[in-house]
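S.K.: Look at Swiss-Prot and you will find LYS22, GLY98, ARG126, GLN174, ARG347, ARG389, LYS414 tagged as phosphoenolpyruvate binding site, backed by sequence analysis. According to Swiss-Prot, the 3-phosphoshikimate binding site annotation covers LYS22, SER23, ARG27, SER172, SER173, GLN174, SER200, ASP316, ASN339, LYS343. Sequence annotations record features per position, and here Swiss-Prot assigns active site, proton acceptor to ASP316 based on sequence analysis.
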Amino acid sequence: MEQLLLQPIAKVDGEINLPGSKSLSNRALLLAALAQGTTTLTNLLDSDDIRHMLNALKKLGVNYQLSKDKKQCVVEGLGRAFNTAESGLLELFLGNAGTAMRPLCAALCLGQGEYILTGEARMFERPIGSLVDALQQAGAQVTYLENENYPPLKIKGTGLKGGKIKIDGSVSSQFLTAFLMAAPMAMEDTEIEIVGELVSKPYIKITLQIMHDFGIDVDNHNFERFIIKGKQTYSAPGHYLVEGDASSASYFLAAGAIAGGCIKVTGIGKKSVQGDIQFADALEAMGAKIEWGDDYIKASKGELKAIDMDMNHIPDAAMTIAVAALFATGTTKIRNVYNWRVKETDRLYAMATELRKVGATVVEGHDFIEVTAPEKLIHAEIDTYDDHRMAMCFSLVALGNTQVTINDPKCTSKTFPDYFEKLASVSC
């Protein structure tokens, strides 16, 4: 196993141009493929999850030209649903990319063809039952190949009817995102009713915005009910700029708050569509100095104190708060993050385990975590659980006058392949 030993970082200072958002990149690629016309995507994220989507689209008959640096992609839209009936059974390997598995599962039900959706072992532990149930309500033919409610899946594309659909919103917002993006191409109008509390609402806002950018508007009734007209076609916007990844910004902003100097991240700002920019508000509540621009956020050092906050709206960036808590006085309480348990790994268990290794006192609950900083951080080998965010979060331990060893550092390739080089570039 590869390891990366990070030496203590005394101070951070400088500017980071963020890679494109994973959530936006894969949504934009799929809608560009289904749209009428050609879309040029710029600032596309170059990472494993995006590669899995691109590979799948190629197999599905979508033509695109990817630039040498893989950050620009010209997609020739089909102007219709996928139709691979003449190709026989197609197997699509999607790694551990939830942002590819869930939306493709819904989109493939719209057209003609037979598909197997598969991936890495962890993907088979990530639930998809709520989405499949909703698709079956709309007439889709989706079956489980191994365990009920989990991939791998077999899909027989026969079109989606639409109609009145109930979908569980309490586990992952990606189920609703997937259904929303497919619904305009259903045969009839669709009315979606959310059952339970809808988690990660900001990610649904991203979905509604990008659908709008591709010419489709959704009638949103307070995130409890959504009405979508059927028999529509997405329209290529011509050019689509992918915002910087707000979740990826969190590590650098936290570093600025802990050991600035001043860190400026560009590619996101107060006009961003991503909910994870609210991470900066949480940092500010802890005592960091934050400055907002239209397309940048700056963070500088402050005396950090613990916070007690419901972070259901920023689940990915909330992980960074858990590590920032190592530098705060008092006990930080992060609440309402059950969906950490169904991400790339069980993040509540993983976070609690690794925080204890560096000396923190941790309480792990069903849907919350409490973190109290030690008097002194200790050098530990951090297991990353094949989870990109674990590796990036725990790099911040090096800001505490201690070495930290990151196991399997290349797992950051899921969203941020050159993360450690970028961190080194602002380390003094």
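Cβ from N, Cα, C; glycine included.
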S.K.: Could you check the binding-site residues SER173, GLN174, SER200, ASN339 and say which one's CB has the fewest neighbouring CB atoms inside 10 Å?
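M.R.: Output over binding-site residues SER173, GLN174, SER200, ASN339: least Cβ neighbours within 10 Å is ASN339.
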S.K.: Taking the recorded phosphoenolpyruvate site as LYS22, GLY98, ARG126, GLN174, ARG347, ARG389, LYS414, identify the other residues of that chain whose CB atom sits within 8 Å of the mean position of the site's CB atoms, giving them in sequence order.
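M.R.: Those within range, site residues removed, are ASP49, ASN96, ALA97, THR99, ASP316, LYS343, GLU344, ASP387.
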S.K.: Say we define neighbours as other CB atoms within 10 Å of the CB. Which of the binding-site residues LYS22, ARG27, ARG126, ARG347 has the fewest?
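M.R.: Among the binding-site residues LYS22, ARG27, ARG126, ARG347, the sparsest Cβ neighbourhood within 10 Å belongs to ARG126.
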S.K.: Non-local Cβ contacts of LYS414 (phosphoenolpyruvate binding site) (under 8 Å, 6 or more apart, same chain)?
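M.R.: Once residues fewer than 6 apart are set aside, LYS414 (phosphoenolpyruvate binding site) is near LYS22, SER47, ASP48, ASP49, ASN96, ALA97, GLU344, HIS388.
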S.K.: Show me the subset of ARG27, SER173, SER200, ASN339 whose Cα is within 10 Å of ARG347 (phosphoenolpyruvate binding site); these are the binding-site residues I mean.
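M.R.: Hits: ASN339.
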S.K.: Count, for each of the binding-site residues GLY98, ARG389, the other C-beta atoms lying within 10 angstroms of its own C-beta, and report the residue with the smallest count.
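M.R.: Among the binding-site residues GLY98, ARG389, the sparsest Cβ neighbourhood within 10 Å belongs to GLY98.
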S.K.: Listed 3-phosphoshikimate-binding residues LYS22, SER23, ARG27, SER172, SER173, GLN174, SER200, ASP316, ASN339, LYS343 - what's their greatest C-alpha to C-alpha distance in Å?
M.R.: 20
